[in-house]
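Novice: One structure is given below, represented as structure tokens, and several questions about it will come after.
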Amino acid sequence: MALTDSDNPASFFFKGETGRNTRGLLRLIILCTIAAAAVASRLFSVIRFESIIHEFDPWFNFRATKYLVQHGFYAFWDWFDDRTWHPLGRVTGGTLYPGLMVTSGSIYHLLRFLAMPIDIRNICVLLAPAFSGLTAFATYLFTSEMSESPSAGLLAAVFMGIAPGYISRSVAGSYDNEAIAIFLLVYTFYLWIKAVKVGSIMWGALTALFYGYMVSAWGGYVFITNLLPLHAFVLICMGRYSPRLYVSYTTWYALGTLASMQIPFVGFLPIRSSDHMAALGVFGLIQLVAFTEFVRYQLPTKQFQTLLRASVFLVFGGAFAGLVLLTLSGTIAPWSGRFYSLWDTGYAKIHIPIIASVSEHQPTAWPAFFFDLNMLIWLFPAGVYMCFRSLKDEQVFIVIYAVLASYFAGVMVRLMLTLTPVVCVAAAMALSQILDTFLVASSPEDNSTDTSSSKANGAPSTANGSANANAIKDKLAAAFSPDTLRSTKSPVVGIYSYLSKSLIAGAITAYLLLFVLHCTWVTSNAYSSPSVVLASKLPDGSQHIIDDYREAYYWLRQNTAPTAKVMAWWDYGYQIGGMADRPTLVDNNTWNNTHIATVGKAMSSREEVSYPIMRQHEVDYVLVVFGGLLGYSGDDINKFLWMVRIAEGIWPDEIKERDFFTSRGEYRVDDEATPTMRNSLMYKMSYYNYNALFPAGQATDRVRGSKLPAAGPELSTVEEAFTSENWIIRIYKVKDLDNLGRNHQEAGAFEKGNKRKKAGKRRGPRVLRVE
Amino acid sequence: MAPKKGNPSPAAIPPSSTKAQHITPSSAGQPTKPQNKPSSTATSSASTSSSIRNAQDAQQIAVGMWNNYVDKTPQRVKLLDAFMVFLLVVGVLQFVYCVIAGNYPFNAFLSGFSATVGQFVLTASLRIQTNPENKADFESISHERAFADFVFGSMILHFFCVNFIN
């Protein structure tokens, strides 16, 4: 671990010029090791399962990447996808963040150019781990700008490499925007700090370029868009305005805004939406401040004050009037709903059920902080405090970032991701301070001169001067005499006893080891499941793979027409598109609430109501996820209330959430379930024929732990087409109109009267699987 | 749709337009311009703070500023200032055109306007970096380096603008 790099004065070649080279080399080796560790710890899922794309959104990204690689960049840019949102289609090229796909596409072509043809799927699976190595490196650079201690950067890199808060979104196979976005986030911040420190156009322009890349990669770029102006604004308010700030901020804003507008999905948002107005406002403010500084230089003080007073009135009057005018005329778009839910956590639940229904938009539970960050979470405040002790421009940035990110992380689980970098940096600063103080084995004199005169590379520089005692005395005197004033501010403190040194160093080492253990444990247990493939342990301890999802999707792929439309709840839209390659009605890109509500209505209404809806949307197959047999809790019956709520939002008089609860307010599926519930299409499809698996009257639902009614539901408008091995996925075929013009209920009754045998054919279509 | 599109930019313009009023007396290249411009500055600032100061005082300030500027500023910086004033004028013209004639190819207007603003900002940065007054802040940046940075920034800026113009 990074402990090795903290000062090591015993070694003779750690001095002078060779010492610097050695340390540089060591640092490089350590960084490479950290990157390797970061990559390695994300490979659990590949080793345990296989090289497979995870979860939901990554399937879309994967599909888009395949399209990009197959059809080229321009076709991708203009891609109109008629296989999603069935009757509507989606202008995919203009409504996605293309950064991720373009990145993996260019890696693919680069590798082919180097005569290493690697399957695009493997590139997609391993992209996130590869970028996590880069993130560790970027964190090192970022922290090195903050702290003079060389160990801080390395510690931060280690933390960033293995902190579960970041691993949760970057294990192998989770091919999501966040995979590259966190690297870009940290690197943009590094460039920004560099720009503010140096005040050069080049660094500002690089910040803008990486900001543009970030915009193309993740919607979370708004965080940068607001954080950098806030930093600039706070600096101005603190009276820390400097020409360097002007150069870096204006360069970043002018170039970065243009860069962000190149992405079709973002388009004119940077000058339209309120999310971006802060940046524009600070841009204006900084121009004013710069001009004021310029004028102040030209004028004597008294005249300047007069002018200042006049212009302040003028500008603020004008700006305020302009703002009121623009808001009244509605030119500036109101804040987006997802943003409102950041301020008022109850907002989404009331107004936009579709946002609230996503589990990662829920507020964070407190244990999650400890789970994701372990000991970093209590080192974090200490690190922020350290920033206050030497408050320069860059430390102000850390403080602001810390405050904002902790608030946001508390509001939305997903934003834990933006908190993780700053926690790692702050914790590393605190920890490196401890290590620098307690790990120096040399005598306290060294320590005291060291801390008072310069905190730079530790003991070696002072160790040179230990020729004789007098020289040290002189040096000490020289060091102390100008320090008499400063020492009142920060008294010279040294650790004298070896006992306390070894005690603290040992304790910290133990903590670090525990941290590594915790991270590995969390990664392997909590974050490495693809959720497409489930794993369970058999009684003898061996692993049993439950592969129902892929079984069902491949059934669709093999046995249905390529244009057969599949209706499923939106969670499974991307997977159906990616794995089964069939058109879907709704998917995880939840841009059209009404369309989703339509599917919700079809699922939660009686068959007679649902059938016309399905006919209108040309639905051929309906797919439901049912975990009752296996005890798989993420199934559709558990998500059912969200379907009802979203549908109720559009048709409040046809669907009522209340009807799905019993008179005592319980959500039940057994004998006492309400008639509305038992007649809903979703309920019927989930439990159709389910009691045939059990002895009479014994059917139980293992998720909800309840006994089901003796008589199972009857289906008339759809027929069972496929049920996977563990019944997790059930696919139904929508019946065509009856040949004799009867409705399906009558036809069903007629058939029953004649041929009773027909109902006994439980898994009929299974015969079709002949592979 | 069309009237909506033009409006967001006013939020962008106040800083530069107010600047236009203030900076013209101090930095216009032509000797004819400063003669009439100071009076406009004087009236605008005096109108707001009329209760405090009279017009003569404001005029005095402006004249003092102008003299100070002419005396102290190096020739090279003056050249940059002239360029900045030119950019300001172009920016104002673009904006006025947008308000009067409509912003139909919004992409074109936006990229043109941002090119002006961006170039102005970059030039201002170059001016700040090369100004001997700010030497303390930019010790690590030589004049050649500052100019190279300026070219780098401008190239990126114009690349984006051309790409965005449709």
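Quick reminder: no glycine exception, Cβ is built from N, Cα and C everywhere.
Keep in mind that TrEMBL annotations are predicted by a computer and have not been checked by a curator.
Predicted, not measured: the structure shown is a model, and the values here were computed from it.
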Novice: I'm validating the feature mapping. Which of A:95-111, A:469-485, A:622-638 is tagged transmembrane segment in TrEMBL?
Specialist: A:95-111
Novice: Across the domain 'Oligosaccharyl transferase STT3 N-terminal' (A:26-426), what is the average pLDDT of the model, as a whole number?
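Specialist: Taking every residue of the domain 'Oligosaccharyl transferase STT3 N-terminal' (A:26-426) together, the mean pLDDT is 85.
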Novice: Which sequence positions outside the transmembrane segment (A:25-47), separated from its termini by at least 6 residues, show Cβ-Cβ distances below 8 Å to it?
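Specialist: Here the qualifying positions are 2, 4-5, 54, 125, 128-130, 132-137, 140, 150, 154, 157-158, 160-162, 167, 170-173, 519-520, 523-524, 528-530.
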Novice: Same chain only, please: residues at least 6 beyond the ends of the transmembrane segment (A:250-271) with a C-beta under 8 Å from a C-beta of the stretch. Say none if there are none.
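Specialist: Apart from its flanks, the transmembrane segment (A:250-271) reaches 77, 93-98, 192, 195, 201, 204-205, 207-209, 211-212, 215-216, 221, 225, 228-229, 279-280, 282-283, 286-287, 333.
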Novice: Considering only Cβ pairs under 8 Å, which range in A:123-143, A:149-167, A:277-295, A:368-388, A:395-413 makes the most contacts with the transmembrane segment (A:179-206)?
Specialist: A:123-143
Novice: Per DSSP, what is the residue tally for the domain 'STT3/PglB/AglB core' (A:566-615) in helix, strand and coil?
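Specialist: The domain 'STT3/PglB/AglB core' (A:566-615) comes out at 32 helix, 3 strand, 15 coil.
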Novice: Should anything in the same chain at least six residues away from the transmembrane segment (A:277-295) have a Cβ under 8 Å from its Cβ atoms, list it; otherwise answer none.
Specialist: 225-226, 228-230, 232-233, 236, 241, 243, 245-246, 249-250, 253-254, 257, 270-271, 304, 307-308, 311, 315, 319, 332
Novice: Taking a Cβ cut-off under 8 Å, which residues six or more beyond the ends of the transmembrane segment (A:95-111) line up next to it in the same chain?
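Specialist: For the transmembrane segment (A:95-111), the sequence-distant neighbours (Cβ-Cβ under 8 Å, at least 6 residues beyond its ends) are 61, 64-65, 68-69, 73, 76-77, 117-118, 120, 123-124, 127, 175-177, 179-181, 184, 213-219, 263, 265, 589, 591.
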Novice: Between A:123-143, A:368-388, A:395-413, who has the most Cβ pairs under 8 Å to the transmembrane segment (A:149-167)?
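Specialist: Stretch with maximum Cβ contacts: A:123-143.
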